[in-house]
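Copied over from Swiss-Prot, here are the features:
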- Ser29, Gly30, Gly31, Val32, Asp33, Ser34, Thr35: ATP binding site (BINDING)
- 2-186: domain 'GMPS ATP-PPase' (DOMAIN)
Amino acid sequence: MFDPKKFVEEAIEELRREIGDRKAIIAVSGGVDSTTAAVLTHRAIGSHLVCVFVDHGFMRKGEPERIRELLEEELGLNLRFVEAAEEFFEALRGVTDPEEKRKIIGEKFIEVFERIAEEEEAEVLVQGTIAPDIIESERGIKSHHNVGGLPEKLNLDVVEPLRDLYKDEVREVARYLGIPDEIVERMPFPGPGLAVRVLGEVTPEKVEIVREANAIVEEEVEKAVEEGKMSKPWQAFAALLDCKATGVKGDERDYGWVIAVRIVESIDAMIADVPEVPWEVLRNIQDRITSEVPEVTRVLFDITPKPPATIEFE
């Protein structure tokens with residue numbers, strides 16, 4: 001049986017051995033993986049850790065501001081906030097292949113971190129990589145920005161304190177470390193963010209559409225859970241398909257984007273199933289998206305489990 005107390009004690013000792021008196025940086029997204037890795041490392045080396053939050057332009061609605069508040073004020077981490085949206089959008093210009101997008105985002109992340117690391121005179125990069133990330137990357141299912149995107153000649157030593165843990169174990173460790181429930185229970189969110197929920201080329205306009213649609217999905221699912229209409233899913237989100245469809249708004253023909261809604265249940269992200277979501281919930285999601293996001297004319301519901309599909313679309 002997994003013992004979070006024992007894991008934390010051993011991980012802190014190992015981090016101290018691996019990092020020593022060197023300065024380290026870690027990418028924090030506000031998710032449970034990176035936050036747990038950050039708090040764990042902070043316990044081990046204190047002020048020698050610099051937490052770097054990169055706003056790549058692909059975060060959920062209102063997320064950068066809230067994450068900054070949680071990490072700085074509530075957890076007391078030493079945080080550097082980097083605005084880099086223009087860099088990421090430019091790097092992804094014209095790119096449509098999902099693997100290429102993930103690789104580019106990973107490389108850009110490392111490029112930004114190396115720049116910050118040089119300014120901070122850091123020698124170690126701590127990552128919140130967990131077991132499913134490594135397994136999917138090794139099997140060639142999909143690259144993860146904190147696994148497959150690493151350049152061969154990385155100028156920093158890489159430390160991954162959570163690499164042997166699955167998501168449910170990470171949450172146990174997070175609770176033991178006193179991390180707020182808002183982070184512990186936060187739905188998993190991919191490192192590349194909304195960029196992998198935009199099929200085809202990633203543009204600021206497309207990201208804004210999926211950001212608004214995604215917020216609606218999360219709000220409606222959270223409301224349904226609170227009202228006892230459904231159990232809390234592993235993930236619930238919106239993806240923007242790389243196609244348009246004809247619609248009718250008012251008395252006029254419209255030609256707009258198609259949103260796919262994805263709701264899944266899982267324990268460790270290795271396999272996932274699709275729950276029977278109440279029809280009322282799906283209708284509410286559709287009504288709000290097509291009325292509040294004018295660029296969208298059609299909303300679909302994805303019923304494919306993992307396998308054969310992956311949880312994210314890209």
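Note: Cβ is positioned from N, Cα and C throughout, glycine not excepted.
Keep in mind that what you see is a predicted model, and the values were worked out from it rather than measured.
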(request) Rank the binding-site residues Gly30, Gly31 by the number of other Cβ atoms within 10 Å of each Cβ, and give the residue at the low end. (result) Gly31
(request) Restricting to the same chain and to sequence separations of six or more, state which residues have a Cβ under 8 Å from that of Asp33 (ATP binding site). (result) Gly128, Thr129, Ile130, Leu162, Lys167, Val170
(message) At a 10 A cut-off on CB-CB distances, which of the binding-site residues Ser29, Ser34, Thr35 has the highest count?
(response) Thr35
(message) Other than Ser29, Gly30, Gly31, Val32, Asp33, Ser34, Thr35 themselves, what residues in this chain have Cβ atoms within 8 Å of the centroid of the ATP site's Cβ atoms?
(response) Val28, Thr36, Ala37, Gly128, Ile183, Arg186, Phe189
(message) Below 8 Å Cβ to Cβ and six or more residues apart, same chain only. Which residues does that give for Val32 (ATP binding site)?
(response) Lys167, Val170, Arg171, Ala174, Ile179, Ile183, Val184, Arg186, Pro188
